[in-house]
Amino acid sequence: MRLNLEKLPDQTKKSSLLITISGLVSKFLAAIYRIPYQNLVGDRGFYAYQQIYPFLAIISALSLTALPNVIASIAQRKKPDQLKTLFALQLILSVLFATGLFIWHRQLAFWIGTPKLAPAIILTGCTLLTVPFISFYRGLSQAKLDMAPTAISQVMEQIIRIVIIIVAALCCFYYDWTIYLMANVAASGNLIASLIVLIYLKQRSDYSLISFLKGHLVFKEMKNIGLSVFIFTFYAIYLLIFQLIDSFFVKNSLVSSGYSEILAEVTKGLYDRGQPLIQFGLIFTTALFTSYLPRLTQLHHHDKKDYQKESQFFFEFICYFNLTLTAGYVTILHLMNQLLFEDNQAWLPLALYLGVIFLSSVIQFCHQKCFIENLRRKSFYILSIGILVKLVLTPILTYYYGILGSSLSTLLPLVFVLCLYVFLAQINLTTVINVKYFLALLVMILVMHVIMPYLPVKTRLQTLASLLIVAVSGLLVFLLLCRKFLVFHQKLWSFLPFIKEKW
């Protein structure tokens, strides 16, 4: 479901660069706002919004990336009947799901262990009703190779949402709002942002979406695109589904194991600190996938032999890059915790949780490889098994091991999914068993640990300076060792964006 960027003219590549940059800016904003938010409302206030966040984030992902990409792909193939049918189907499904949220909003709020968040469920349903319109306006613009509306509206939506969330947090801090009132007001930010974005996109678009409902709708047209659309969308929200499962089970399991309501909420808030940390880590990987996957797609269609070679190299790069990133991240985690949240609570659960960066990145590669090779149905089965394993493990492990178990209930399903993917995608794992790499990684970690005790961490400014010194020192040592002792094949260096020479 990706546009073939390799064949597009320079102007289009610039537009694609624009949407890539806007996506990275948006992801950065999504990660960074949680820091002042948590500092203002504490771990319990952080918990309150994070309980409703997966609902809102899934809707945002559908209207921003998953559905617009599908719509753009269909529109470029000049399939008006499929577009009409898809729009009608989106309307029907959004109304049905929104109605379900309206009817069962109290029950859903009870199931996530926070009955006072029922108004936020209603706001979520209202936001869902905007998805068909926003996704179609964005998708139709992208089909014309005009990425500006999507790029601008993406950043606009994020800024509006964050402003409302921070205002709600300030009101909680200064005017003694309850954490539930604050979370409900914060949830309204998504609805307000969606409505403003919809108005903006409507003014920028030449299309009348009402025209898509005129004429004869042929739902059998969906057979041609149904599975691909569903699987593409399913993966786009995959980690958000994991977070949604956490919303339903983590706090409730903590209470069942003997925690008080307030302690369970604070503890879940500590666990939720992992979300911005993960998002920071995945920003880099997202940029790499966005820039290189179109080339793999083109190679698969034109030169199977080169495709196999390139995909294996890219797999190795993704493994090395994300394992190094994760190891470095874990090494400086206590400094990150101190800098961002002013204490170092829940270090071990968060350190385990950071493993999501490596696992999800490699899984994304395997999923995209299966998508390119038309193994979509098998890919969907693997992802579904991961969801089922997560559903089973989360309440059990959280009940017995607290949020350490919650972290394990996220990692273990991803490990299982990755094992299945490696078998399906026929990836050669022996190429990443590199003794020189692991020695270089070990030296990097040791250097970082040797430096840290001598650096000041009494204030946030000192902690920030210390964190930067440790991170840069470790990175430089690692890179110098890798270049000096030829740790990697030269081709792997070419995947880095600042390396111009391609081998």
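All positions are counted from 1 along the displayed chain.
Placed from the backbone N, Cα and C atoms, the Cβ positions cover glycine too.
Quick look at what TrEMBL lists:
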type     : residues : note
TRANSMEM : 16-35    : transmembrane segment
TRANSMEM : 55-74    : transmembrane segment
TRANSMEM : 86-105   : transmembrane segment
TRANSMEM : 117-137  : transmembrane segment
TRANSMEM : 158-177  : transmembrane segment
TRANSMEM : 183-201  : transmembrane segment
TRANSMEM : 222-245  : transmembrane segment
TRANSMEM : 277-293  : transmembrane segment
TRANSMEM : 379-401  : transmembrane segment
TRANSMEM : 407-425  : transmembrane segment
TRANSMEM : 437-455  : transmembrane segment
TRANSMEM : 461-482  : transmembrane segment
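Beyond its flanks by at least six residues, the transmembrane segment (16-35) meets 3, 5, 8, 46, 65, 142, 147-148, 150-152, 154-155, 157-159, 162, 165-166, 275-276, 279-280, 282-283, 286-287, 290-291, 340-341 of its own chain at Cβ-Cβ distances under 8 Å.
Counting same-chain residues at least six beyond the ends of the transmembrane segment (407-425), those with a Cβ under 8 angstroms from any Cβ of the stretch are 242, 246, 271, 274, 349-350, 352-353, 355-356, 359-360, 362-363, 366-367, 369-370, 373, 375, 378-379, 382-383, 385-387, 389-390, 393-394, 396-398, 401. Contact between the transmembrane segment (117-137) and the transmembrane segment (461-482) does not hold: fewer than three of their C-beta pairs are under 8 Å, each pair 6 or more apart in sequence. Tallying C-beta pairs under 8 angstroms between the transmembrane segment (437-455) and each of 55-74, 158-177, 277-293, 461-482 places 461-482 first. Ranking 55-74, 183-201, 277-293, 461-482 by CB pairs under 8 A with the transmembrane segment (158-177) puts 183-201 at the top.
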